[in-house]
């Protein structure tokens, strides 16, 4: 045994105290021990490469470094820790690197039970007199402080003598004032694209932005939550109102390992459902919520996974609108929004269940149930992708071909003829020039008022650089949610499309985008805007096959489109 070893982490079989002997123990040595993704038997991108640091000597302290929270169970009490938070470790404490996932038990060598039981299981580590190492750390910190002071002084001098920098500063100030003055009336709210709040930004940058509690609220009687990744522990703590909802259906895209843990942690009245994936490499990636109330239904389309980091640290977007029940005496006929919604819900094939509603009594909650609401005032159109080989009447029912058919219904101002397109997303698939033209053709559909086709627009691909990620709120960890193999990024034909991620006017340059937006614009005017869960990939949007008579889609996606 290494003489410097203080203890070790014992991998456990799920939420039990049984050791998982298929995975080696992790040695904890004197000093700092970095634990992260590379220590796992199975890679999980939710775990940062530097996820936690365990600092050990005569005692041990755990510090959370990663962007996702960590849970420590000690003395029968569970505590969730965020980035930068610390806790003292004692022998027998259980660590969940992701809440509900990747369990380890901390065991100290030569542990003295008396000393370990004298403090609260979640007390912060006591401040101790520094020895030689502490003095060296103080010296290094002092040197760093002096260096930063010199750099700050130099920067002030540079700003004072550089009118261009002053102009940039005044530009940010004007953006701040514009955002603070931004206000949306209740009547206009359903037509308004909203950003999610981001922690660590100045207050002005979160003006008119929303959090998950602004969305999931009130006397909900049925909740259908559609997403890819779902952290039930976080969701219940972030939305306590969900604990009171009698019927919750979670439509998800998690793998079998995560699903088993979800089954353990979910409330008894929650139903978990993963839709069928008939084509390989597909996912259920849609991000939407359907919240049924005694007075109607709230429909939400958004871009965030149901995990802490997505609702707090990243640039994300959301649209929602409330719809009343149809008048039973004078029911409205279905509209495009209603048909698009119900057709999509049918493809999910969720298990039908019964709910007791005060106004109507017991009802079966199936896709047709959602025809009971009046969507005649819908301010947007819904567009979805569902996996399959779509032909005939279904060719233009899903994916980019659905967008093409909707845009062909509208007329646009002449200024949008040949105007550019924007593709802004977080994950880049394997693309080719033929498919890029295919997608651009769909996004360039529509005519001017004199029936002149708008013509093919030149796409601009907006994606963060390595430097953007390095300097982001999350540091390099943000790159986990902006993935693409190097071979996909470095394709020569893509060079002409690249454009830089900038969000000065919303204060989000350092909040890396998980949001996905596609639009056609001219100057400051938009022809239309699409908010979506879909990244730039054939799997999400679909690819035409068989001489354009068949559209192949691998994944489930959900978008809303608004004509401006």
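Glycine is treated like the rest: Cβ placed from N, Cα and C.
Lifted from TrEMBL, the feature list:
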- 35-97: domain 'FHA' (DOMAIN)
- 115-166: region 'Disordered' (REGION)
- 137-158: compositional bias 'Basic and acidic residues' (COMPBIAS)
- 285: active site, nucleophile (ACT_SITE)
- 287, 516: substrate binding site (BINDING)
- 514: active site, proton donor/acceptor (ACT_SITE)
- 537: site 'Interaction with DNA' (SITE)
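Everything TrEMBL records as a feature, shown here on the structure.
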{"residue": "285", "record": "active site, nucleophile", "contacts (Cβ under 8 Å, 6+ apart)": "228, 253, 533, 534, 540, 555, 556, 557"}
{"residue": "287", "record": "substrate binding site", "contacts (Cβ under 8 Å, 6+ apart)": "226, 227, 228, 301, 302, 303, 304, 305, 533, 558"}
{"residue": "514", "record": "active site, proton donor/acceptor", "contacts (Cβ under 8 Å, 6+ apart)": "303, 304, 305, 310, 314, 315, 316, 426, 481"}
{"residue": "516", "record": "substrate binding site", "contacts (Cβ under 8 Å, 6+ apart)": "303, 317, 424, 425, 426, 531, 532, 533, 534, 535"}
{"residue": "537", "record": "site 'Interaction with DNA'", "contacts (Cβ under 8 Å, 6+ apart)": "427, 428, 429, 430, 431"}
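Along the domain 'FHA' (35-97), the predicted structure has mean pLDDT 90. Assigned with DSSP, the residues of the domain 'FHA' (35-97) fall into helix, strand and coil as follows: 3 helix, 29 strand, 31 coil.
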